Every structure is written in structure tokens, then in C-alpha cells.
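Following: one structure in C-alpha cells, then a few remarks.
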């Protein structure tokens, strides 16, 4: 088997850093989980873009007469939350769907609930916290309408991220409970060390892939397009 080379994040060649993770949805994730895993990845991307737009909104806030603290914190949130959210909640759910690991699911639930709370706080927008939420934006309309309109864009985006995060958490929890997952299974994986054993993880991944392929390749009853009628010669 060829060695997997880290390919994420895809950094430009002029940056003297190498990718830290290997990510290949089609190769790692079973087909039945592929769609949900990609949606969570897109949610992470949306959250990252929202943090970047929030930086622009805080710059408009600063230009319009707001304090420099918000702009500084917005920059900090961008460089801090973008990689941390990927490592802390997306990688666990990626690994959970890849290896069917209850421990990884629990790690995702714990960190993603924190992400949901943060998203709600960002959407609310407490002044001085470095986010253009509803309170900060609405209150700034009386000071500078132009800046407030720019601030309204990340405010709406933070709200969308919060709503999508709640939906995503509900979908993953519904799947996990429906598949028979539980906290006791996560404790068992932690006790036995199965959550960090590469051989156990590979076996679980192969089993999941095999089950998915078996379901897809299951023969189905073929029916003729031409009806066949049988007549009796008895009167």
C-alpha cells in the first residue's frame, strides 16, 4: 500500500511549511457517510470565511469611530479559531466516520457544542468582543450608517453559521444514536486504547467500506419489461 502523504492544508510552494494532515473523502469515508462529512467540511469553510469577513467588518467599525480593540480581537479570532476548529471538531468527526470510532464521536460532540455556543455569542455580538453581531451592529447604526451596513454582512453570516451548526449537531447526534453508539462504547475504546490503535482503526475502516460496497452490490430481482401470461388449455 502506498504511503499517504499529507495534503491539507494545500499550501503554496513559496511557504516554507508542509501540510499537516491527509484528507481524501472518497478514499477514507464510507459512501453512506460521505455527504454528511462533506457538509461538515463546508460548514468549517463557511465559519472560516465568516471570521475573515468579520475582520473586514471590524475594520469598517474602526474607521467609523469604533475602538481598535474589536479589530485586534477579530484578527486574533481569525488566526486562532480557523485552525483550532479544524483540529478540534472537524478532524474528530472525519476520523469518526472513517473508523466508526465512538471516542471520536464523543470528542466531536464535546468540542462542537462549544463551537455552537461560540457561534451564538458571535451572532449576538457583544461590543468589545471583536465580533460584528446584532447588538454591536444595530447600536452602531446611530453612529455611522455606512460602517454599520458593512458590519451587517458578518452579522448575518454568524447567524447562518449558528443555525447550520445546530442542524449539523442534530444530524450527527441522530445518526450516532441510531447506529447504536453510546458513551459506554467511547469509554471502552478509551480503556482498551482502540481509539489510537492504527490496526484497529484500519480494520474498522475496511469493515465499514466492505459493508457499504456489499449493500451497493447486492443483487436485485430483475423483472422483464414484457408481461408473460400463461393460459390453461383446460375448459
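Cβ coordinates are placed from backbone N, Cα and C, and glycine is handled just like the others.
Here the structure is a predicted model, which means the values were calculated and not measured.
Relative to the membrane, residue 3 and residue 131 are listed by Swiss-Prot as lying on separate sides. It is 149-169, from the ranges 128-148, 149-169, 170-190, that Swiss-Prot records as transmembrane segment. When DSSP labels each residue, the topological domain 'Cytoplasmic' (1-39) comes out as 13 helix, 2 strand, 24 coil, counted as helix, strand and coil in that order.
Broken down by DSSP into helix, strand and coil, the topological domain 'Extracellular' (126-148) contains 11 helix, 0 strand, 12 coil. Mapped onto DSSP helix, strand and coil, the topological domain 'Cytoplasmic' (89-102) counts 12 helix, 0 strand, 2 coil.
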